[in-house]
Amino acid sequence: MGIEALMVALAVLALATGGSAQLQYGFYKNKCNASDVEAVVQGIVKARFAREAPIVAYLLRLQFHECAVNGCDGGLLIDGPGTEKTAPPNLSVKGYDLIAAIKAELERRCPGVVSCSDIEILATRDAVALAGGPAYTVRTGRRDRRQSRASDVKLPGSEYTAAQAIAYYAKLGMSAYDTVLLLGAHTVGATHCSSIKNSRLYGYGGKMGATDPAMDPTLASTYKKYVCPNVTSSNGNTVYLDDQWSAVKVDNNYYKNLQRGRGVLLVDQNLYRDSSTRGFVDQLANNNGLFQSQFAKVLVKLSEVNVLTGTQGEIRKVCNKFN
Ligand code: HEM
């Protein structure tokens, strides 16, 4: 091909891709002096996981709350009045300190190169693999948004029906199957009695004293007697979202629990109550290999929601402040 034909071909290609930059595998390769950016992130996550395994739960939730609000753009990380971080559902998000520590190390090695939004996605990826979940590759090249508003934070409620959860995730380009997979993140981490006392233990369906009939009676009585007794002082008590032995393991035990009426949040158990999602739960409960491969795919899909690339946004100097 002559040079002119090549130029035309390139111009057409640029038009076809909208001329906008895209995420790429290994975007940071050879961009951080002698450092391998992904290896640096992985090293820091590994050290943290070794002393604080629940970091996997903190990071998964952080990725969700980040990507579901205006996309994976670092908006959740900004400090200050009225930012996303100050919205009620984000007050219990953790893991910000790890993102800041990774950013500081990368800034030392190559200032102004690696975005905070990419660090969130890479760190979550690494923690998931360390917790026995899938090892997956992610594309990078995200940039950080110069905007973060609490009023944009619209996250799903723990009492959602399956249909409400599906409708919520459809707005992020996710299917019903994706919805069931994403909730699989509740294979790690914990909540508090306040999230289940009214909705499941003492006020199911808006009826005073009613317990969710879908809850395994043995589990319900354990919660009522020992973990979440019907007194205000139990509100902050910890309830694991998966069995305690599996609380830092990324596996399909969450789905097995739903089959047995041992889901924790109402939205979790609703995935089994509703006949439109029950079949997916059964498939995933019966096949950990399927869960692992599909969970990786849905996390990648989540990680690419509405990203900024190219010259959009900025590469922050520190993750909790705009430049
Ligand atoms: C309908 C969708 C969802 C609802 C209603 C929901 C709700 C909740 C609630 C109420 C908690 C407990 C917070 C607390 O008590 O501090 C929680 C924890 C958690 N959520 Fe979700 N969530 C949803 C989807 C997701 C998704 C998509 C992910 C990740 C991909 C995720 C990951 C987590 C994790 C890992 C925890 C445990 C956090 C910890 O231990 O600190 N959730 N979620």
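Backbone N, Cα and C atoms are what each Cβ position is placed from, and that goes for glycine too.
TrEMBL records a disulfide bond between CYS110 and CYS32, which is the match among CYS32, CYS193, CYS228. Taken residue by residue with DSSP, ASP73 (Ca(2+) 1 binding site) is part of neither helix nor strand, so it is coil.
Between GLY71 (Ca(2+) 1 binding site) and CYS193 (disulfide bond), the C-alpha separation comes to 30 Å.
Put simply, of the recorded positions HIS65, ASP73, GLU84, the one whose Cα is nearest the Cα of CYS116 (disulfide bond) is ASP73. Proximity to ligand 1 (Cβ under 6 Å from any of its atoms) holds for these recorded positions out of ARG61, HIS65, CYS72, GLU84, PRO156: ARG61, PRO156. When the C-alpha distances from CYS110 (disulfide bond) to the recorded positions VAL69, CYS228, CYS319 are tabulated, the minimum falls on CYS319. On its own chain, ARG61 (site 'Transition state stabilizer') has VAL93, LYS94, GLY95, ALA185, GLY189 as residues at least 6 apart in sequence with a Cβ closer than 8 Å to its own Cβ.
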